[in-house]
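A.B. asks: To start, I am sharing the structure in question, which I have written as structure tokens.
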Amino acid sequence: MTKQDISELFDIYRDLHAHPELSFAETRTAGIVAARLRGLGYAVTEGVGQTGVVGVLDRGVGSTVLLRADMDALPVREDTGLDYASVATATNDAGIEVPVMHACGHDVHITAMLGAAAELAADPTWSGRLLLVFQPAEEQGAGAQAMVDDHLFERFGTPDVVLGQHVAPLPAGTLGLRSGPAFAASDALRVTLFGRGGHGSRPETTVDPIVLAAAVILRLQTIVSREIAGTETAVLTVGAVHAGSAPNIIPDSAELLINIRTFDREVRATILSAITRIVRGEAQTAGTEREPEIETLHAFPLVSNDPAATERVRAAFTADLPDLVLVDPGVVTGSEDIGILATAAGAPCMYWVLGGADPQLFAGLSRSAEIMARVAQQPSNHSSKFAPKIEATLPLGIRTLVSAAGAWLKP
């Protein structure tokens, strides 16, 4: 890849970062992706799973490799200080205007895959079939399923392997590679608690849903600490509480948004059952006249890296990228819906972590504990200050995708 090529990709990255789009609204982004792929000679289909893009390059007999990048951004107000920082806003599903930022690095994923698309298109030494899947709505946990439901594999072929990467605040030049369970399963719930509203000066005539919500929130915190074995990994977070409109009005209802992360099916079932038990029990204790409602917003599976695919990718990285530092990041309690693609295809999955932090911040550190402590000090994914060091991150993000794909496509 020439200096001009990489310079163009840096420009694309900065443009995508400055113009983020929310889940299932990635129309501008999809247009940029589609135009770029067509210019490289890919057969391109837009609108897969609403706003997804699929690029296909068919070189005849051989393996079918699926590379995946997610495209959506988050409702976060950017505070990075970058000269290309987002000032975009959008209307969310609730009709509320919100700031929008690429706070999870999906702009890195898109640009790296466009760079890999160019390198693979220019390389005559491989054979097989390359599927580039630019997926919408990962942040809602809905985009992969939307593409599957839109007959992704019936239309474009079933892959022999599903590959991808996610940028994180490891030092640039470092990859996190792990066999087996890698990214947690995720469930998101909306709980609506119904009380009886009234005047704030006469609470005895009401059933206060805000007090009920507080009791539920506190009780939920005991699920992981008191009902899940200490040898298991699980996270339960109440991420939003919505209730009330004025200081002297007790509302009729309160809403909680809950997220859980798990690595074990039985642990997941225990937590979901406990949430239902606690919500209904606290509502009954409060004397509510209407049963609470519990709605599933998303549920997507654990990402488990296939052992054989992991070793194949590791061998390719070791051979092709000798300066690369490989680490085991441990299980990541963040979640990803790429596993839906692999499960639907019946194909092995390999999903690695791409270091994106300024490597100078890690100068002089050699012990793993020291490095991970410094990682914990960096702005994390979903932070308003999350800003990968793109000059150091993007070239490696391109090379890793090319190398991993080549492990199946090259003789």
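Yeah, the Cβs are placed from backbone N, Cα and C, and that goes for glycine too.
The following feature annotations were taken from TrEMBL:
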BINDING   CYS104, HIS106, GLU139, HIS166  Mn(2+) binding site
DOMAIN    189-282  domain 'Peptidase M20 dimerisation'
A.B. asks: What are the non-local neighbours of HIS166 (Mn(2+) binding site), defined as same-chain residues 6+ apart in sequence with CB under 8 A from its CB?
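C.D. replies: Listed in sequence order: GLY105, HIS109, GLY334, GLU336, TYR351, TRP352, VAL353, LEU354.
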A.B. asks: State the mean pLDDT for the domain 'Peptidase M20 dimerisation' (189-282).
C.D. replies: 98
A.B. asks: With a radius of 8 angstroms around the mean position of the C-beta atoms of CYS104, HIS106, GLU139, HIS166, what other residues of the same chain does the Mn(2+) site pick up?
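C.D. replies: What remains near the Cβ centre is ASP70, ASP72, LEU74, HIS102, GLY105, HIS109, GLU138, ASN381.
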A.B. asks: Could you list the residues of the same chain, at least six apart in sequence, whose Cβ is under 8 A from the Cβ of HIS106 (Mn(2+) binding site)?
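C.D. replies: Listed in sequence order, they are ALA69, ASP70, MET71, ASP72, ALA73, GLU138.
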A.B. asks: Can you tell me whether DSSP puts HIS166 (Mn(2+) binding site) in helix, strand or coil?
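C.D. replies: Note: HIS166 (Mn(2+) binding site) is in a strand by DSSP.
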A.B. asks: Any idea which of the binding-site residues CYS104, GLU139 has the thinnest Cβ neighbourhood at 10 Å?
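C.D. replies: Sparsest of the binding-site residues CYS104, GLU139 by Cβ contacts within 10 Å: GLU139.
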A.B. asks: What are the helix, strand and coil residue counts for the domain 'Peptidase M20 dimerisation' (189-282) according to DSSP?
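C.D. replies: The breakdown for the domain 'Peptidase M20 dimerisation' (189-282) reads 40 helix, 32 strand, 22 coil.
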A.B. asks: Would you identify the secondary structure of GLU139 (Mn(2+) binding site) according to DSSP, in three states?
C.D. replies: coil
